[in-house]
Amino acid sequence: MIDKKAIRVALVGRPNTGKSSLFNRLTGLRQKVGNYPGVTMEKTMGLSKWAPGVLAEIIDLPGIYSLHASSVDEQVVMDSLLNDDVGEKIDVVIGLADGTNLKTCLFVFTQIIDLGIPAVLAITMTDQMERRGMELQVSDLSESLGVPISLINARSGQGIDQLRADVLKATSSSKGPFFQPGGLHLQWVNQVDQDHDFNSVYKSWLYGLSSTVYSDLINNTGRTPARVRADEAIKRYRVVNDWLRQFFHTDPGKDRRWTARLDKWIVNPIWGSVILFGLLFIIFQALFYGSETPMNFIDDQFAHLSNFLSGILPSSFLSHLITNGIIPGISGVLIFIPQIALLFGFIALLEESGYMARVVFIMDRFMRPFGLSGKSVVPMVSGTACAIPAIMSTRNMENSRERWLAIAVTPLITCAARLPVYALLISLVIPDQSFFGMSLRGLVLFGLYLIGFVTALLGSALLTKIMPTAKVNPFLLEMPSYRLPQLKNVAHAILNRTKSFVSEAGKIILAISVVLWFFASFGPGKAPDFNQDYVAIPIEDSYVGKMGKAIEPVMKPLGFDWKVSIAVLSSFVAREVFVGTMATLYSVDDNEKSSIREQMAKQKNPVTGEPYFNLAVGVSLLLFYAFAMQCMSTYAVVARETRSHKFAAIQFLILGILAYGAAFLAYSALA
Amino acid sequence: MYLSDLKVGQKAIVLQASISLPVKLYEMGCMPGEEIELNYAAPFSGPMCFLVQGTSISMRKELAELVPITDPNIKSLQNDR
C-alpha cells in the first residue's frame with residue numbers, strides 16, 4: 001500500500017558537511033541507488049517511517065557550492081529543486097551546514113530559502129565547534145533565517161529527533177528573500193516565469209541564468225550572466241557576514257590547527273609523495289592479492305555448482321544452457337565483487353578522511369599535460385588490477401569531461417586478466433636470458449605495463465587536443481579539514497556500489513556470456529549431441545570457429561592463423577580465456593600451462609617448417625592484447641557508466657584499430 | 001600584485017578583477033574585500049591552496065595569476081599603525 005502521507009525530503013549542502021552520515025542516520029539500510037534522468041550521476045534514496053502513517057522519502061543530493069550550475073552535480077541539484085512534477089517535487093529541503101565552516105554553507109542555504117520551498121537547517125560537526133571554541137547564538141540565527149535550526153551529531157544521533165520534528169512541520173521561511181533581482185533584471189525574470197510557470201522569482205532567476213535561451217535578454221541589461229551571478233554571490237555573502245558578526249564567536253587561533261599540522265607533511269613535495277605512493281602501493285597490493293582468495297572461492301564454488309547440476313540434471317539444451325552459459329555468466333559477474341568492494345572501501349576512506357583532495361592537489365601537476373587532473377590517479381592505479389572497478393571509480397570525478405577521458409583510456413592500463421596471456425606468450429617466444437643482469441622476460445613484461453600507461457596518457461592528451469570543449473570547468477577544489485572516517489559510511493558506500501554494479505552492468509555481462517556460450521557450442525546447422533554422453537561439436541565448426549576462420553584473411557597480416565583468430569575472438573569473454581581456448585584447440589586435456597606451452601611450441605608454420613610461434617607472431621599477439629578492449633565486462637561497465645552504448649562501441653572500435661595497427665607493424669617489422 | 005605572487009603564510013586582500021573570473025571562485029567565498037592567505041603550493045608551478053573566509057581552496061597557478069590582490073607588505077604596515 002502506498003502511503004498517502006509520504007513526504008519527499010532532499011538533503012542539500014556543500015560537500016564535506018556530513019551529508020552522507022546524516023543520510024545514513026535518517027534512512028538506515030533501506031537505501032536504493034538509481035540514476036538521475038539524463039545524466040550519469042548516481043542518486044541515493046531511502047524510505048523511512050517517521051511517525052505513525054508518515055513515510056519520508058529521503059533523497060541524498062550531490063554536494064554543491066551554489067545552486068547555480070557550474071558542474072553536473074549542481075545541475076542535478078538545481079533540476080531537482082526546480083522540478084514541480086507530481087512524484088518528483090521536493091516537499092522539504094534539509095539544508096546542511098558544517099558548523100566549523102558556517103559562512104560558505106549559509107551562502108548556499110540562503111539560496112535554498114529564496115526558492116520558497118519549505119526548509120530547515122541542520123548544523124553538523126557540532127562536537128568540533130565546541131572543541132575549537134566556537135559559539136553560535138542558534139535562536140538568533142534561526143530567527144534571522146526564518147526557519148528552525150537543529151544542531152546534530154550524526155555519529156551519536158544527537159539532534160536527529162529534533163530535526164525530524166522540524167521537517168514534519170516545516171514551512172517556507174518567514175524571512176527573506178535574502179536576495180532580490182534588481183529592477184533592470186525584472187524583465188527577463190518575468191519572461192522566464194511566464195514561459196515556465198515557476199511562480200517564484202528566484203526559481204525563474206536560477207533557471208534563466210542557466211539556460212542559453214535567455215542569454216540575449218540578460219546581456220541586454222549590460223551585464224553578462226557570469227557577472228550577474230558574481231553580484232549575487234557578493235550580496236549574499238554580505239547578508240551572511242552580517243549575521244555571523246552578530247551571532248558567531250570564535251577564537252581564530254584554535255581553528256584548523258590539526259589540519260594545518262597534518263598538511264605540513266601530507267602536501268610536502270617529498271613526504272607527501274612518499275605517503276601518497278605508499279598508499280597507492282597498498283591499494284594496488286590489496287586489489288591484487290587481497291582479492292585473490294575470495295575470487296578463487298567464487299570461481300570454485302560456481303564450478304562446483306555447475307558440475308553438481310550437470311551431474312543430476314538430464315543432459316539437454318536447457319541443462320547445458322544453465323550449467324555452461326548462465327552459471328558461468330553469474331560467476332563472471334560476482335567474481336568482480338571482491339575487487340569492487342576493496343577499491344570502493346579504500347576510496348570511501350580517502351574521501352571521508354579528507355585525503356582525496358590532497359591526492360588531487362599533489363598529482364595535478366603531473367596529470368595536467370595529459371588533459372587530466374589529480375583525480376585520475378585512482379582509476380589509473382586501480383586499472384592495473386581490473387578495469388571494471390577502475391572505471392566505476394571515475395564516478396567520484398566532478399568534471400564530466402575529465403571523467404569521460406579517464407573512462408576512455410583506462411582499458412589500456414595492463415590489468416590482471418592480461419597476465420596469464422602475457423606469461424604464456426612471453427615464455428613461448430622470449431628466450432630465458434639475462435639482459436644486463438635482469439631477466440629479459442621480466443623486462444618485456446615490464447615494458448608491456450609501461451606501454452599500457454604511456455598509451456593511456458598519450459591517448460588522453462590526444463583526445464584533449466582533438467575534442468573541443470564548450471565549457472571549461474575551472475580547477476577549484478575545496479581542501480576539507482581532516483576527519484576520522486566513519487566506518488558506517490564506508491560500509492554504505494561499498495554496499496551501494498556493489499549493488500549497482502550487479503544490478504546494472506551485471507545484466508549486460510550475463511547476457512553477453514550466454515550469447516557467447518551459444519556461439520561457441522553451436523554452429524551453422526550443427527548442434528552438440530545432448531544425449532547421455534554430451535558430445536560437443538569441434539570448436540572449428542561452431543559459430544565462433546566459423547567466425548575465426550572467416551576473419552583469418554583479415555588477421556593474416558598480423559601473423560594470426562585461424563586457431564589464434566578463434567582464441568582472440570573467444571577472449572572477448574575475458575582475456576585469460578585465450579589460454580583455455582588454445583588448450584581446447586590443441587586438444588590439451590587439462591589447462592596445465594606447461595603442456596599448452598609445449599603444444600604451442602611444437603606447432604610448425606606450414607610454409608617455412610619453422611616453429612609457428614616465433615618472435616614476430618608472439619610480439620604481434622602481445623601488442624594486440626595490450627591494446628584491444630577484449631573484455632565484455634569492460635564494455636558493459638563503460639556502457640553503463642557513460643549511459644551510452646555508442647561510447648563503448650566507438651571505444652571498442654578505436655582500441656581494436658590501435659591493436660590491429662600495432663600488431664601489424666610489429667609483425668611486418670619482425671617477420 | 002596577484003594571488004600567485006603570495007608567499008606561504010602571507011596575507012592580502014582580494015581586489016576587484018577587471019576581467020571576468022569563474023563565478024565559482026566567488027561562490028566558494030573568494031571575493032573582493034576578503035582577506036586571503038597562501039597555505040601552501042605544489043612544486044613545479046602546481047596548484048596553490050589559499051585560506052579565505054575560513055575555507056581552504058585550491059586552484060591552479062594560471063587562475064591565481066588572474067586574481068588581483070593588495071600588496072601583502074603594504075598591508076602589514078597598515079596593520080602596525
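Including glycine, each Cβ sits where the backbone N, Cα and C put it.
Positions annotated as domain 'FeoB-type G' by TrEMBL: A:6-173. The GTP binding site feature in TrEMBL is assigned to A:13-20, A:38-42, A:60-63. For A:Asn24, A:Thr27, A:Gly28, the entry in TrEMBL reads Mg(2+) binding site. Summarising the annotation, TrEMBL assigns transmembrane segment to A:265-290, A:302-322, A:329-350, A:370-392, A:404-430, A:442-463, A:505-523, A:612-638, A:650-670.
A map of TrEMBL features onto the structure.
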residue	record	CB count, 10 Å
A:Gly13	GTP binding site	27
A:Asn16	GTP binding site	23
A:Lys19	GTP binding site	24
A:Asn24	Mg(2+) binding site	22
A:Thr27	Mg(2+) binding site	21
A:Gly28	Mg(2+) binding site	10
A:Pro62	GTP binding site	23
Cα separation, A:Lys19 (GTP binding site) to A:Thr27 (Mg(2+) binding site) (Å, whole number): 12
Touch test for the transmembrane segment (A:329-350) and the transmembrane segment (A:265-290), at least 3 Cβ pairs under 8 Å: yes
Contact between the transmembrane segment (A:650-670) and the transmembrane segment (A:404-430) (at least 3 Cβ pairs under 8 Å, separation 6+): yes
Inter-residue C-alpha distance, A:Gly28 (Mg(2+) binding site) and A:Asn16 (GTP binding site) (nearest angstrom): 20
Interface present between the transmembrane segment (A:505-523) and the transmembrane segment (A:442-463) (three or more C-beta pairs under 8 A): no
Range from A:265-290, A:404-430, A:505-523 with most C-beta pairs under 8 A to the transmembrane segment (A:612-638): A:404-430
Alpha-carbon spacing, A:Pro62 (GTP binding site) to A:Asn24 (Mg(2+) binding site), which is rounded to whole Å: 14
Rounded Cα-Cα span from A:Asn24 (Mg(2+) binding site) to A:Asn16 (GTP binding site), Å: 15
Beyond the flanks of the transmembrane segment (A:505-523) by 6 or more, those residues with Cβ under 8 Å of it: 320-321, 324-326, 328-330, 332-333, 388, 536-537, 539, 541-547, 570, 572-573, 632-633, 635-637, 639-640
Chain residues outside the transmembrane segment (A:302-322) and at least six past its termini with a C-beta under 8 angstroms from it: 328, 330-331, 334, 514, 517, 521, 528, 530-532, 534
In three-state DSSP terms, the structure that A:Gly28 (Mg(2+) binding site) belongs to: coil
Between A:Asn24 (Mg(2+) binding site) and A:Gly13 (GTP binding site): CA-CA distance (Å): 15
